[in-house]
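Student: Following this message is one structure expressed as structure tokens.
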Amino acid sequence: MRETNQTQVTEFLLLGLSDDPHTQKLLFILFLGVYLITVLVNLLLMYLVQVDSQLHTPMYFFLCNLSLADFCFSTNIVPQALAHLLSQKKIISFTRCAAQLLFFLIFGCTQCAFLAVMSYDRYVAICNPLHYPSIMTWRVCVQLAAGSWTSGILVSVVDTAFTLSLPYQGSNSIAHFFCEAPALLILASTDTHTSEMVIFLMGVVILLIPVSLTLVSYSHIIVTVVRMKSAVGRLKAFSTCGSHLMVVILFYGSAIVTYMAPKSSKEQEKLVSVFYAVVTPMLNPLIYSLRNKDVKGALRKVATRNFSC
């Protein structure tokens, strides 16, 4: 449906990733498989952190929050994308589009903040191990978690407000598979320079500042690890940080390409969005769990307990 130039758009048409029916069916199968794994591994990781007392540490407390953000992030986008892959009319109301944009930004921005917090946690654990218990108290952990969620919400509200306050009175076809700020701004029937600048500045706050903090933390970590005399200690330290660093590169890299890099083709933007909106929420817990002895040990204990019953 297209509105006239004098009428405010009340719904949007999501063009999706492909017009080919066979490709859409293939994408449905792939997206469904990825989403089911995402739900399973994130809920499982949160459950293990709750039930295993050995995982009641600051690192796993933050990881549990990250898994919650991943789960909500994916659930906000993928189910609707799956429904649209099987339907002829890929329509979404303006209200639902606004809600999807807001929650997409909230959970995505919160992930950015938590990745920076987790890098600080690893910095304290490796560079100041003797003072770790006194620095990373539960009060501090709760404050850092609350600050991460709050910063994500504040940045998201600003971005959403500046995106949706623009008039949309022409085309209502979004060249994307979900409501994302860059794709929506193209449809605005007025100059979007101010909104784009605000979104860029918010990107600096929630992307570049956490990335900078993460780089500083890991530069200190690398120096400390290299100076270790024990080869076993160096290997353990790198193993502990390797999972987190891999997640940081995957998430921050794709987010910066979308929100802060020069404009690329629509197809490239959609492919990058598929990666960080669909694939990354699945990879995060898999990377942490598959490379982590504590998580695998907790899973074995839960499995043994259930089978023995």
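Cβ coordinates come from backbone N, Cα and C, glycine included.
Pulled from TrEMBL, these are the listed features:
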type: TRANSMEM; residues: 26-48; note: transmembrane segment
type: DOMAIN; residues: 41-288; note: domain 'G-protein coupled receptors family 1 profile'
type: TRANSMEM; residues: 60-78; note: transmembrane segment
type: TRANSMEM; residues: 98-120; note: transmembrane segment
type: TRANSMEM; residues: 140-158; note: transmembrane segment
type: TRANSMEM; residues: 197-226; note: transmembrane segment
type: TRANSMEM; residues: 238-261; note: transmembrane segment
type: TRANSMEM; residues: 273-290; note: transmembrane segment
Student: Should anything in the same chain at least six residues away from the transmembrane segment (60-78) have a Cβ under 8 Å from its Cβ atoms, list it; otherwise answer none.
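Tutor: Sequence-remote neighbours of the transmembrane segment (60-78) are 31, 34-35, 38-39, 42-43, 45-46, 49-50, 100, 103-104, 107-108, 110-111, 114-115, 117-118, 121, 141, 144-145, 148-149, 152, 178, 277-278, 280-282, 284-285, 288, 294.
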Student: Cβ under 8 Å to the transmembrane segment (273-290), counting only same-chain residues 6 or more beyond its ends: which ones?
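Tutor: Contacts of the transmembrane segment (273-290) (Cβ under 8 Å, skipping residues fewer than 6 from its ends): 17, 31, 34-35, 37-38, 41-42, 44-45, 63, 66-67, 70-71, 73-74, 77-78, 81, 104, 108, 176-178, 180, 243-244, 246-247, 250-251, 254-255, 258, 296, 299.
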Student: Going along the chain, which residues at least six beyond the ends of the transmembrane segment (197-226) come within the CB cut-off of under 8 Å?
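Tutor: For the transmembrane segment (197-226), the far contacts come to 109, 112-113, 115-116, 119-120, 122-123, 126-127, 151-152, 155, 158-159, 162-163, 181, 233-234, 237-238, 241, 245, 248, 252, 255-256, 259-260.
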Student: Six or more residues beyond either end and a Cβ under 8 Å away: which residues meet both conditions relative to the transmembrane segment (26-48)?
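Tutor: For the transmembrane segment (26-48), the nonlocal Cβ contacts are 17-18, 55, 63-64, 67-68, 70-71, 74-75, 78-79, 81-82, 85-86, 278-279, 281-282, 284-286, 288-289, 295, 298-299, 302.
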